[in-house]
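These features come from Swiss-Prot:
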type     : residues : note
TOPO_DOM : 1-320    : topological domain 'Cytoplasmic'
REPEAT   : 110-139  : repeat 'ANK 2'
CARBOHYD : Asn351   : N-linked glycosylation site
TOPO_DOM : 402-412  : topological domain 'Cytoplasmic'
TOPO_DOM : 463-485  : topological domain 'Cytoplasmic'
INTRAMEM : 517-537  : intramembrane segment
TOPO_DOM : 571-723  : topological domain 'Cytoplasmic'
Amino acid sequence: MGVKKPWIQLQKRLNWWVREQDWNQHVDQLHMLQQKSIWESPLLRAAKENDMCTLKRLQHDQNCDFRQRGALGETALHVAALYDNLDAAIMLMETAPYLVTESTLCEPFVGQTALHIAIMNQNVNLVRALLARGASASARATGSAFHRSSHNLIYYGEHPLSFAACVGSEEIVRLLIEHGADIRAQDSLGNTVLHILVLQPNKTFACQMYNLLLSHDGGDHLKSLELVPNNQGLTPFKLAGVEGNTVMFQHLMQKRKHIQWSLGPLTSSIYDLTEIDSWGEDLSFLELVVSSKKKEARQILEQTPVKELVSLKWKKYGQPYFCLLGMLYIFYMICFTTCCVYRPLKFRDANRTHVRDNTVLEQKPLQEAYVTYQDKVRLVGELVTVIGAVVILLIEIPDIFRVGASRYFGHTVLGGPFHVIIITYASLVLLIMVMRLTSMNGEVVPISMALVLGWCSVMYFSRGFQMLGPFTIMIQKMIFGDLLRFCWLMAMVILGFASAFYIIFQTEDPESLGEFSDYPTAMFSTFELFLTIIDGPANYSVDLPFMYHLTYFAFAIIATLLMLNLFIAMMGDTHWRVAQERDELWRAQVVATTVMLERKMPRFLWPRSGICGCEYGLGDRWFLRVEHHQEQNPYRVLRYVEAFKSSDKEEVQEQLSEKQPSGTETGTLARGSVVLQTPPLSRTTSLSSNSHRGWEILRRNTLGHLNLGQDLGEGDGEEIYHF
């Protein structure tokens with residue numbers, strides 16, 4: 001019985017995995033069965049084909065059951081709505097009014113009503129007819145097809161109102177609200193219609209629909225619809241940050257923006273920092289953004305006023321405190337290292353019993369370890385080390401439960417492996433203390449490990465510097481990405497060739513060929529060969545087996561030439577990918593560090609940033625003032641663009657005239673000059689690099705996307721353009 005139960009659990013897990021793999025096939029089968037059931041049923045077929053004659057005949061047929069359903073549990077009204085057959089749907093509602101409130105019974109469309117389908121198809125007339133005949137504007141479609149998952153291509157929520165908002169039909173939205181649809185309704189994930197709009201791929205109409213729904217948010221509610229959180233505690237604003245929806249984020253920020261004054265190209269604005277400022281919030285917006293799995297979320301850090309707020313906090317409080325913390329940790333590690341170097345040792349009392357035993361010192365027992373003045377000085381350092389380890393654990397452990405172990409240890413921007421390293425180090429220090437108090441031998445093992453891990457943690461403080469911060473992420477990605485994959489390949493190669501070398505030399509004299517005398521030694525020698533630490537560990541003064549030469553030749557080609565160079569290429573690719581986004585990663589590191597320090601530091605050492613609205617009659621909210629500089633005359637830039645067009649056109653014409661000086665080609669040149677009057681945006685390679693680069697700068701500036709660091713590259717040297 002004890003053996004059978006685990007086998008049943010394993011079988012259930014395998015069946016679940018197979019069902020997940022065959023999800024698409026399962027859905028395909030359901031839709032095929034649906035078409036089959038529609039074809040076999042005269043009522044469903046007539047609803048699909050809008051066959052009014054058949055429906056009238058079935059209407060007078062007493063044996064016809066209008067409650068019959070298809071393979072998915074759908075009624076004839078569902079089928080008519082699915083195929084946009086308004087006449088058939090109206091006849092069915094007149095014949096069987098109860099069909100209006102009927103929903104689909106089978107997965108994956110459980111709970112779907114004809115109203116949901118009509119809204120999806122944006123059939124306004126059918127929606128109006130359904131609502132007029134009593135269709136519920138609050139019906140919920142709870143099937144798996146309406147969940148937010150990788151299996152589904154769309155996520156429209158569960159309520160008809162969210163369906164209408166997601167398809168972008170303002171008329172249907174107004175109809176539903178007039179018929180009692182609750183705009184504050186939440187689905188099984190706790191998402192309101194505003195949350196669902198944030199998740200839509202079409203950002204433009206989502207913003208328009210967002211405003212429309214907010215205009216209907218009235219009543220005596222204590223909290224605005226925008227501040228209603230979902231099951232994860234995310235408001236629509238925070239969800240936009242987590243998803244990296246910069247369009248929706250900017251749209252919401254414009255609603256919080258108040259222009260104070262405008263003077264020529266300068267504009268002074270104040271931004272409401274509600275939900276943005278992480279000061280005093282358990283679920284920080286900034287922390288949610290930097291810990292998001294989506295790369296687009298990091299673009300939020302470049303938006304106003306987030307960029308200005310982070311810069312203010314980092315320069316005023318974050319950077320000084322972080323540098324001070326880094327120096328304290330270095331002094332702490334120096335103290336720990338000194339205590340380890342001068343640990344209590346004495347000369348060994350017992351005689352050596354083996355010729356290979358080279359130990360001359362041993363650890364002192366607890367009674368002899370703290371006797372002299374030097375021992376008492378070391379005791380002070382050891383107490384500092386132990387207290388520091390306890391403080392580290394008290395700081396780290398609450399964050400593990402607050403954030404979650406997987407995100408806390410797995411996200412490189414939040415610190416990732418450094419948290420594992422520092423917690424392991426602190427645990428080893430406490431283990432050393434226990435071993436010292438109990439006079440247990442072998443403390444050299446945790447001491448050596450703690451020294452390595454403790455000094456490696458110093459790299460964590462490099463994130464305070466723009467030049468060094470991204471390199472720590474680069475090292476992490478190489479270790480946990482490239483190196484792990486390479487180690488799997490290396491293990492297979494070493495295992496295979498070590499076995500081959502051992503078999504080849506198994507019949508030889510081990511005194512002459514000690515490198516492959518036994519299997520463990522053969523494994524280690526092959527590992528050294530793989531890393532080119534040693535060269536061909538064989539005794540060439542004796543006859544070697546013929547297979548050794550062939551095997552060693554194959555090993556040298558595969559290991560040294562192929563795999564090591566492959567590993568170098570993999571690390572080079574990782575370096576290139578991280579280098580492309582190094583500035584973005586460093587900003588994310590700065591935000592994560594700022595939020596961490598703000599959460600840990602006492603409030604009197606880290607006051608709240610911004611302007612309190614209470615002092616100026618703006619309520620209990622905080623604001624940040626930002627000054628913008630805008631080009632006062634955009635037509636001046638357009639003139640620069642036209643100047644570059646004409647100069648580039650003349651340059652191309654000169655080059656073509658040099659290549660085609662003969663009179664027979666004049667017509668071709670003339671025709672070419674006509675084409676050159678409207679040069680394409682992608683300039684020809686014959687143009688000079690300075691002119692081409694200048695054109696790109698002006699074109700991007702005109703379109704409002706000027707970003708020299710990202711679009712035109714960095715590190716190419718400073719170039720000055722004279723207009």
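Heads up, the Cβ atoms here are built off N, Cα and C, so glycines get one too.
DSSP places the residues of the topological domain 'Cytoplasmic' (463-485) in helix, strand and coil in these numbers: 19 helix, 0 strand, 4 coil. Tertiary proximity for the repeat 'ANK 2' (110-139) is limited to same-chain residues at least six positions away from its ends with a CB under 8 Å from its CB atoms, namely 73-75, 77-78, 80-82, 84, 86, 89-90, 93, 97, 99-104, 145-146, 156, 158-161, 163-164, 167, 169, 171-172, 175-176, 179-182, 185. Shown for the repeat 'ANK 2' (110-139): DSSP residue counts in helix, strand and coil, namely 16 helix, 1 strand, 13 coil. Long-range contacts of the topological domain 'Cytoplasmic' (463-485) within the same chain, counting only residues at least 6 positions beyond its ends with a Cβ under 8 Å from a Cβ of the stretch, are 319, 322-323, 326, 412-413, 416-418, 567, 570-571, 574-575, 578-579, 582-583, 585-586, 589-590, 593.
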